[in-house]
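See below for the structure under consideration.
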Amino acid sequence: MSPKTIQFQLGLGACLAAAFLVLWAIPNWVSSPSNVSNIVLAPVFWPYALSGITGLVGLGLLLAARGASPVPDAEAEPAADDGLSWVRLSALAVIMVATMFALPRLGMVWTAMIVFVLTAFLFRTRHPITALICAVVIPLALYLFFAKVAGVAIPQGIFVRLP
Amino acid sequence: MKHTTLTFAVTAAALLGATAAYADYPTRAINMVIPYGAGGATDISARTISEPLGAAVGKPLVMANITGAGGATGSVAVQNASADGYTMLFARVGSHSVNPAMKATLPYGLEDFRFVTVYEINPVACAVRPASGITSMDQLIAKVAEGGISYSSSGVGSMPHLASAMVLSEFGVADPLTDATHIPQKGGGAAITAVLNGTSTFVCTNSSALASFVANKQLTPLLVTTAEPVVGFDAPTANQLGKDKLNQLVGWTGIAGPDDLPDDVAAKWGEWMAAATADPKFRETMEARGSVIELMDPVKANEFIQGQYDTFRTLVEDLGMRIEG
Amino acid sequence: MSFIDSLMAGLSLVASVEAFLALFVGIVIGVIGGAIPGLSATMAVALTLPFTFSMQPITGILLLLGVYKGGIFGGCIPAILIKTPGTPASSATILDGHPMAERGEAGRALGMALWASCTADLVSNLALILFAGWLASFALNFGPPEFFALILFSLTIIAGVSGDSLLRGALSALLGLLLATVGLDLVYGTNRFTFGDPNMMGGLNFIAVLIGLFAIPEIIAMAWNPTAHLGKARALGNAKVTIKDYIASFRSILRGSLIGVFLGSIPGIGAAPSAFLSYSEARRKSKNKANFGKGEIEGVAASEAGNNGVAGATLIPLLALGVPGDVITAIIIGAFMVHGLQPGPMMFILNVDIIYGLFIGLIVSSVFLFIVGSVAIKGFRFVADVPKRILMPAVLILCIYGVFAVNNNIFDVGVMFAMGWVGYVMMRYRIPAAPFLIAFILGPLLEDNFRQSMLMSGSDPSILLRGPITWFFWAMTLLTIAAIGRAIMRKQAV
C-alpha cells in the first residue's frame, strides 16, 4: 500500500467510526441516568468528546492524503511468495476462535498442545520433530510452573484432568 | 477384551461417582475465587484463612483473584460454576450486600448463592483529617447544613459509599445525596488518600484500613459503628451516640457456593471453618489487623446477610440511590 | 536518637544472614516472575506475601522489596527478546529494545537495561532516604486538579512516540482512549459498552490489551509471511554493552531516574507512564533523535531508568504517609500491618530501627540486582537463538497461560486475541502502538480526575487552575504543544 492509500483509508475509517459512535453506539450502548446535574459529569460526555476528536483526526488524515506519495515505499509488508498468505491468516483466526471454545472444555494444557502444533505447521516450520516435542513439553512445563509453583487455577477441562 | 475392560472401568467410575458423590468430598483441590484484587481486605483475609482452612480440608485450596466491577466479575464466575463444591467464593460485604442492594443491573442476586459461613466482621469507622477542625459527628452534621461537605468512597455502589450515606441519614441529614457531595475514587486506598489530601471531607470504611492513619494522627476518627469500642479508635460507638441502627453497618467476609450447593458440602464447610477459626495464629493475625473473628454456621450466615441486605435495600429505596441502567 | 544511632540500630537489624538472603532470594524470584509475561511483578509480590508472615518483620519486608525490584527489571527481558512486556512498566522498553534484538544486539540491549535499571534504582533509593519527608508532603498536594494537569501534560508524550505521522499517532491514542471507556462509569456506576456482560463491566484487562497489542501481531505477521525474517541477523552475537554506551546514555539515565522518583512519589501513577515520559524526554533531547524507535540504545536506557526509578520512590508515600502508591506497594503494606507496624509519620519515631534497616537493605539491593540481573541475562540469552518459527508458537502459548493467570479469566485470553488483530491491522496501516497504550493507561485517569475535580467544585472549571502545581503543568503542556506545532511547521517548510 502506498502512503496515499493508507492515509485515505484511515481517514475514511476514522470518519465512519466517529459517525457510528455518535449516531448509534453511544446513544444505545452507554447508559446515562436521567438525573445528571451537569452535562460535563454525564457518562456520555467523555465518549462524545472522543468521538468528535476522532472525526476531526479523520478529516485531517483525508486532507493529508492529498499530499502523500501515491507510490508504495520500502516499508510495505510483502506477502509470502507462495500466495497463501490470506489462507494462513484466516486459518490463524480460526485457530484463535477454536481456542476460545476449547479452553473451558478441553482444559488449557491440551488446548495449548494442539495450538502449538497447528501454528508451528501453519508457519511451515523447518524443524517438525522439535516442534512436536516442544508442543508437548512447553504446555506441560508451563502448567507445572503456573499451577504448582504460582498456585494459579489453570482450567482443567471436563475430560482428562491433570494431577 | 480391551473394549470390555474399558467399559467396565467407565461404568465403575460412573457408579462410584454417583454413590460416593459427596461422602468423600473433597477428592481434589478446591478452587477459591477472591473477587477483589491482591492486597485488598478480602484478599488478605482469604489468604490468611487459607492456611488453617487448607489444613482442615486436607486438600489444597487454590486461590484465584478474579477482579473487576466491584466484585461482580468474580462473583459471576462462581454463580455460573457447577455446584460440586469445587468452586467457592470469598464473598464480601461489598459484593454481596451493598452491590445487590444498590445496582439494578447487577447480573446476580443474593438468591444465586448459598453462604456456608461468615467468619470475619470488620467494624466501620468514619474519619476526617485533623486540619478540617471537625472533632465530632455533631460538628460534621452542622457543617453539612452549611454546605461544601464531601465524602469519598472506593467507587459507586461500594460499602464506603453506602456507609457514608447511611451515617448521614441516621444523623438526621434529610437528603444526603444532595446535601453532601460523593466523590468516588478507584479503590479503598485512594478513598482514604482523598481525605488525607483534602479532596473530600470524610470517609467511612473498615476500621482496619483506617487504623494506621488514626494511630499516626493523620486522621481523626468520629464514630465506630459497632456496639463495642474499637481498640486504637478514640471515638464514640454508634450506641453511645444513640444510633443503634448503625450496628448493621459492618464489613464481613464469608464463603459462598452456587445456590444449588448440596447440604453435605455446606455441612462440611461448617466443620472445616470451626476448625480453621479456632487456630490461634489465624486469630492473632486477623485481630492484629482489627478484625473481629465471629464464626457463623450456614443458617446463621444466610440470615445475617439477608438482614443486612434488607436494611441496605430499604435505605437505598428511601434515598433514591438505586443505580438503574 | 541521632542519625548515627539510628543507623547503627538499623544495621544491627539487617546485619544478619537471613535478611540479606531474603533480599537476594526476593530479587531472584522477582526477576523470574517479571520475565514471565502475565505473571508480572504484582503477582510475584502477592504470591510471596504469605511466606513473610512467619518471618521477622525486616526480613519479610526486604524479601518483598527484593521481589518488587527484581520484577520491575525482569520485565525488560521478554520485552527485548520476544516483544512481550513482562510487566506493564517495560512496554516502553520494547520500542527500541526489540528492534535491537532483531538486529542481533539483544545482549547489548539487555546489558544496557540492567545498567540503567541499577543506576536508577540507586538514585531512587537515595532519594527515598534523603528526601522522603519532603517529597511525601509535596505529593499530598496532588488532588484531582493537579493530577488532571499532570496527566494532560503526560499525554503530550504521544507526540514523541508517534513516529513519522502525528495524525496516525493521534488516531492510535484516540482508539486507546475509547477502548478505555469500556466498563462501569466512575461517577454513576452505569454501563458503558459492556453489553450486559459481567466480564466487560470490569473494563478490558490492561495486561491482556498490552500483550495483545505487542506480542500477538508478531505472530499474525508470521502467518502472513513465515519466511520474512530469514536472512535477518537475530542471533545474540557477542555485542555487549560498553562503558562508552553507558556514558553516552548517562544523561538520559539520570533524567529518567529523576522522572521516576518524581512520579513514583505521587501515589496513583505507577511505573509505565514514567518509563514513557523518560523515553520521550530522552528522544527530545537526543542527538540521534531519528534513530529512536529503530533500535537506539539510549531509548532502552531511558525507559528502563524511568521504570526502575519508580521502585524506590513508591516507598516514599508508603513509609512517610502510609499511602500505597500502586498495587504492589498496597500488597507490601499488608506485610507491615501483619507485623503490627503502621507505616506513617509515627513509624519514623517508633520504629526508626526498622526504617534504617530498610534503607540499608535497599542500598544493598541495587548491588544484588546487578548480580542477579547479569546471571539472568546470560540465562535468557538462548531465547534469541531459538528458530523463530518454533519461538512464535511458544510465545503464543506463553501468552495464553500468562494472560489467563493475571485475572484467572478465560475472557481475557479472548481480549488478547481480539487486540492482537487490532494491533495487526494497526501495524499494516502503520499506526504506532505506543500512543494507544499510553492513552489506554492515562485515559481513565484523565477522565476520572476531571470528573472528580468537577464534583469537588460543583462543576466550576476554575478549579483546574487552583494552584502553582496546576499552573506549572498547564504551562508545560502549552509549551510542549507549541514546540510540536513548530516542529510540524518546520517539516512542512522543508
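Quick reminder: no glycine exception, Cβ is built from N, Cα and C everywhere.
TrEMBL annotations: computationally assigned, not manually curated.
Listed in TrEMBL for this protein:
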TRANSMEM  C:20-49  transmembrane segment
DOMAIN    C:21-437  domain 'DUF112'
TRANSMEM  C:61-82  transmembrane segment
TRANSMEM  C:147-163  transmembrane segment
TRANSMEM  C:169-188  transmembrane segment
TRANSMEM  C:200-224  transmembrane segment
TRANSMEM  C:258-279  transmembrane segment
TRANSMEM  C:318-342  transmembrane segment
TRANSMEM  C:354-377  transmembrane segment
TRANSMEM  C:389-411  transmembrane segment
TRANSMEM  C:431-450  transmembrane segment
TRANSMEM  C:471-489  transmembrane segment
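In this chain, the transmembrane segment (C:389-411) lies apart from the transmembrane segment (C:471-489): fewer than three C-beta pairs between them fall below 8 angstroms, excluding pairs fewer than 6 positions apart.
Counting Cβ pairs closer than 8 Å and at least 6 residues apart in sequence, the transmembrane segment (C:354-377) and the transmembrane segment (C:147-163) reach fewer than three and form no contact.
Beyond the ends of the transmembrane segment (C:471-489), by six or more residues, the same chain brings 146, 149-150, 152-153, 156, 159, 166, 465 to within a C-beta distance below 8 angstroms of the stretch. Highlighted: of the candidate stretches C:147-163, C:169-188, C:318-342, C:318-342 has the greatest count of Cβ pairs under 8 Å to the transmembrane segment (C:20-49). Within its own chain, the transmembrane segment (C:61-82) has Cβ neighbours under 8 Å at 14, 19, 22-37, 40-42, 44-45, 48-49, 51-52, 55, 88-91, 93-94, 97-98, 100-101, 106, 109-110, 113-114, 117, 121, 215, 271, 300, 304, 307-308, 310-311, 315, 328, 331-332, 335-336, 354, 358, 361-362, 365, 368-369, 372-373, 376-377, 380, 383-384, 391, 395, counting only residues six or more beyond its boundaries.
When each of C:147-163, C:200-224, C:258-279, C:318-342, C:431-450 is checked for Cβ pairs under 8 Å to the transmembrane segment (C:169-188), C:431-450 comes out on top.
The transmembrane segment (C:318-342) shares the most Cβ pairs under 8 Å with C:258-279, out of the stretches C:147-163, C:200-224, C:258-279, C:431-450. Here the transmembrane segment (C:431-450) has long-range neighbours at 88, 91-92, 95, 144-145, 147-148, 151-152, 154-155, 157-158, 161-163, 168-177, 179-181, 186, 203, 206, 209-210, 213-214, 217, 268-270, 272-273, 276, 423, meaning same-chain residues at least 6 beyond its ends whose C-beta is under 8 angstroms from one of its own. For the transmembrane segment (C:200-224), same-chain residues at least 6 beyond its ends with a Cβ under 8 Å from one of its own Cβ atoms are 37-38, 40, 82-85, 88, 91, 94, 179-180, 182-184, 191, 193-194, 388-389, 392, 395-396, 399, 402-403, 406-407, 409, 412-413, 415-424, 426-427, 433, 436-437, 440-441, 444.
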